[in-house]
Amino acid sequence: MKKDLKKLSRFGLLAFAIFVSFLPILNPLQIFSALQNYSFDTFQRILPRNVYAEDPVVIIDIDDSSLSRIGQWPWSRNQLAQLTNQAYSAAALGFDVVFAEPDRTNPQNLIASYPENAVLKKELSALPNNDNLFAQAIENHGTVVLGQALNNKNKSLKPLKNKFGLVTQGDDPKLFIRNYLSAQRNIPSLDNAAAGIGSMSIGNDDSVVRLLPTFERVGDQLVPSLAMEITRVAVGASTYQIKSSNASSEEAYGANTGINNVKLGPLTIPTTPEGNAWVYFAPTENITTVSAADVISGIIPPEFFDGKIALVGTSASGLLDLRSTPTEKNIPGVTIIAQFIQQIFANEFLQRPDWLFGAEFLAGLILAISITLGIQALGPIGGLSVLAVGSSGIVGTSYYFFKSKLFLVDPISPLIIALSVYVAVTFFNFLFTELERSRVRGAFAQYLSPEMVNRLAESSESLVLGGEKKEMTFLFSDIRGFTKISEQYKDNPEALTQLINQLLTVLSNAILDHGGTIDKYMGDCIMAFWNAPTDQENHRQLAIDSAHAMHEALSQFNNEAEGNIDFKLEIGIGINSGECIVGNMGSDKRFDYTVLGDAVNLASRLESQSSNYGLNMIMGENSYIDDANYQVIEIDKIAVKGKTTAQTIFTSFPADILFKESFLDNHQQFLKEYRAQNWNEANSLINKLISSPNDLELYYAHMKSRIEDYMINPPSADWEGVYVATNK
């Protein structure tokens, strides 16, 4: 017993150390994300980015001094036209402002105030329109980039049509990029005159800006950020290239892992999977900044902007465009955009490659196990030594990678894991020692009630997790169009719940009446199986009988519900047979009697495919039985999503639905011609089959559509008639 207790404590503590190592993956309450951000912010404060003398970025600041000299914002557009003209030689001029409304100071706006004064009306009409002046200045400049604000308010207003080309490699970037509903745009004359339009969104929902989006989207339209558009215009590029997972040379192993980078001419910007880029901040005092009033008045000469990238924004406290960054608080949003453009041209990017998370996890795991073994072998002092050495190594490695490669390696998560394991293992090691001493003191008392011990032993055996391997048949049933049905009941969820409960009761009774075991309900889906817990030799036939009984019960349910609902409910069923593991599965606190195995997953996939084929039921080849009670028809060979092995699949009809022998012959000939890639012959046979009275019209229409696709994009010459499904 003493030896067993020691063994239990040793392996139990190791298991605990391994579990704690997984906490960064689970990330409860986003604790580890917050700690990780703190560590990355600290590195930036210790080693901020350098700003070099040849840096091209300059900020034209609408500061408090400018507001006091020119007047409150918004300024007259003729003032902005003057600013644009003064910065004519800039390689790019970006406005971190949206001009959503016409200039309120346009002379023509005063005409309505003097309706009787014809002379004044004529003079005002002759004055130039301020918006037109600004638009002309933008057009003459040739490299002005304006902003637009994406939001989730007005769905009707979409972004301006892009002024750039876009090439994508790999997975569709729209899968990963943040989506908005609409955009607040500039007045059309300004948008049309600009060389580029970019989104002014900064950061995410966090209060501290650490990343900037390279692209965002409104529906299907990708919208570059203002920083990206200014950079594109500055380098004279016409096209963006977005590389995502599964592109050439990108190791995604078939997974949609996200965006890898964005290219602009000679520039490459590495991104997070969501298309954001880490901003490597420099001290803001190192960024060249001039007052907007000085530019407009000519104090700053036009040649000052030769070849520079100028950004117009505001630091005025009253205009509320102040943000916090890892290095500073309350800095203007335009400064963050300027910082990002600076690092693009300096080619200095903070990066967090995918493999880093695995390396951090492995470091934490190794350190946690080493501390546990150190405490067990050497005591708390030995474990503390391991903690100190390991922690120093992790911190030093993180600092080295940041300084030499600008890699964001998280040192805090492994350290928190290591410290937690040290404290917990030290405590539990002490506790186990005390428990063992207590066991020795009370050893004799333990044998005073042997009957109770036997009862507890018997009870613990019944709770052992695990199962047995067994040949079984599985059925999945799902209500078709459930999402649309739910939408009809969005104002009355109680009625939807009642309807679904009534239907599931009817379908469940059909399963139970045919000896099935209902494993679980998953929303509107039923999962059932046969041949467990008791043996059923005819489990395949029982499952097929149950499927037909379910459809009969559904038909009766629809007839009885007619008048109460204005639609007919339909279900799809998938059946498959094969080996699986069946038994008690879960945790030692709670478990279910359930099944696991590839054959189970295939049944679920076949149910999903039933709607594609327009059939009430599909069963796999292992469930096929030749029985007089059914009309069984082969329908296809398919490799369901996630599988490479093909399955011949069938559908089944009750015996009272009789097909003529000529029809069955034509059907088999159709499959033969289809698999031989004789598309015209197969199409001709479909035209005969689809006109015959049967319940296969939707199936033949589906196959006809597929043949039409194959006639345009035929499969390879060695194709064996296997359709590879691309969805579940």
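Any Cβ shown, glycine's included, is placed from N, Cα and C.
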Checking 277-297, 382-402, 445-465, 613-633 against TrEMBL, the stretch recorded as transmembrane segment is 382-402
Six or more residues out from either end of the transmembrane segment (382-402), which same-chain residues have a Cβ under 8 Å from its Cβ atoms?
39, 43, 47, 363, 366-367, 370-372, 374-375, 408-411, 414-415, 418-419, 422, 425-426
Mean pLDDT over the domain 'Guanylate cyclase' (473-607): what is the value?
88
Tally of DSSP helical, extended and coil residues in the domain 'Guanylate cyclase' (473-607):
61 helix, 43 strand, 31 coil
